[in-house]
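This is the structure, below, for whatever I ask next.
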Amino acid sequence: MSRSDTAVAAPRRAAAQPRSRRLHRWLAYVFAAFFIVQGLSGSLLVLADPLDDWLNPELTVAPAARKPLVEMADALQRRHPDVQGLGLTRIDQAGRLVTGFWPTPDPLIPSENRYWLARMHPASGAELSVMPYGGWSFQRHDLIGLFYALHTSLTLGAIGKLLQMVSAGFLLLLLASGLANIVNRRRALRHKAPSAVVDHPPARLHRRLGALSALVLAILLASGIALQFETLLDPAYGYRSAPAQGRRQISLRQAWSAAHARYPAADTRLIMSPFVPGGVFRIGLVVPDGQGAGKEVELFVDAYSGAVQRERRSDEGGLAARLPRVFESLHGGKVLGVAGQALAFVAGLLPLAFLFTGLALGRRRRRN
C-alpha cells in the first residue's frame, strides 16, 4: 500500500469506528426491552420444572394416581366435538404439566384460527384454567405458559412470530457491532502507551461479558430463529391421510389404540388429531423397555382407516426430521445436559447485565 493509500485509509478507519459504536448504541436502545424480556423469560423456562412444582405442589401426583391421557382426550373431545384439530400432551417428565389445545375461528379474522390452551389436573383430568394461546394470565397454573408466550412473542398475536424473527436478526447485528467495537478499540490502542489509555470498570465488564458470551448468545439467537420455521423443517407437518372415500374420521381413542397396539407398555405423552382436513393423527409414546428403552416414538395414524402410516423414533430419521430437535436442544442447552441448561440460564440474564453496564459506560462518557 502506498503512502497516499494509507493516508486515505486512515480517516476511513477512524470514521468506521464511531459508526459501529452508534449502530451498537442505537440497536441497544431500540431492542433493549425486547432482549431483556426474551432473556429473563428464557431463564425462567430453564427452571420451569422446579418452578412449577413450587407454584403448584398439588399437581405433583404419583404415577399410579395419574389419569390416563387417552381418558382425558375422550373427555376433551366430548366437550369440543366440532373442532378441527384437538390434542392433549404431557410435557414434563414428572407428569405435572398436562395441556389440552384446540382451535376456534378467530372473532376478528374468521378465516384464521384462535387457539386455546387448557391446563389439566393430572389426577382428575379437570380443567384448571382455559385461556387463549399467548394470552395474559397471572394465575399460578398459567405462569409457565405465560413465560413461554413472552419468550416466543405469542402475547403479540399473529405479528409476534414475525417480530420474533426480525428482532432476533437485529440482536445478532447488535452482537456483531459490539464485537466490531472491541476490535476497533484494540486497533486504536495498539500504538498507545498504557499510561495514556483511559478505561473504567463498567466498560471493562461490558466488553468482557460481550467477548465471553457472544458465541453462546449467537447460538441461542440463531437456533431461536430456526425454530420459528419448525413447520417447514419437520416433514411430519406435511403427512396426509389416504382419501376418505366416504368414511368418517376416527376418534382420538381409536387412533391411540392403533398406536398403543404396537407398544402396549409405552407411556403416552401426546395425542393429537389432524388440524387440517386430510391430515394424520400424531401419537407420542415413550418406550419403557426393550431395545428402544427410554426413547420417544411418534406414530402417525391415518385419520380414516386407522392404520399406522409411519413410525419415527427420536434417534432416527433424516436430517430434516432431526433439525428441529437439534435446534431445540441447542436453544435450551440440553445438548450439554445440566451444564448446558445452567449456561442457558446465565445467558438469559446477560441482556440485563449488558443494559446496566452499557448505561453506566454511556453516563461516564457523557461526563468526560
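The backbone N, Cα and C atoms fix where each Cβ goes, and this holds for glycine too.
Pulled these from TrEMBL:
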DOMAIN    250-311  domain 'PepSY'
TRANSMEM  26-48  transmembrane segment
TRANSMEM  162-183  transmembrane segment
TRANSMEM  209-229  transmembrane segment
TRANSMEM  342-362  transmembrane segment
Counting only residues 6+ away from its ends, which parts of the chain sit with a Cβ under 8 Å from the transmembrane segment (342-362)?
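Same-chain residues near the transmembrane segment (342-362) but 6 or more away: 25, 28, 32, 35-36, 38-44, 46-47, 200, 202-203, 205-206, 209-210, 213, 216-217, 220, 331-333, 336.
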As a quick check of your reading of DSSP, tell me how many residues in the domain 'PepSY' (250-311) are helical, how many are strand and how many are coil.
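Residue counts for the domain 'PepSY' (250-311) by secondary structure: 9 helix, 24 strand, 29 coil.
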What is the average pLDDT across the domain 'PepSY' (250-311)?
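Mean per-residue confidence for the domain 'PepSY' (250-311): 88 out of 100.
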Under an 8 Å Cβ to Cβ limit, what residues of the same chain, 6 or more beyond the ends of the transmembrane segment (209-229), are close to it?
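Distal contacts: 42, 161, 164-165, 168-169, 171-172, 175, 178-179, 182, 323-324, 327-328, 330-331, 343-344, 347, 350, 353-354, 357.
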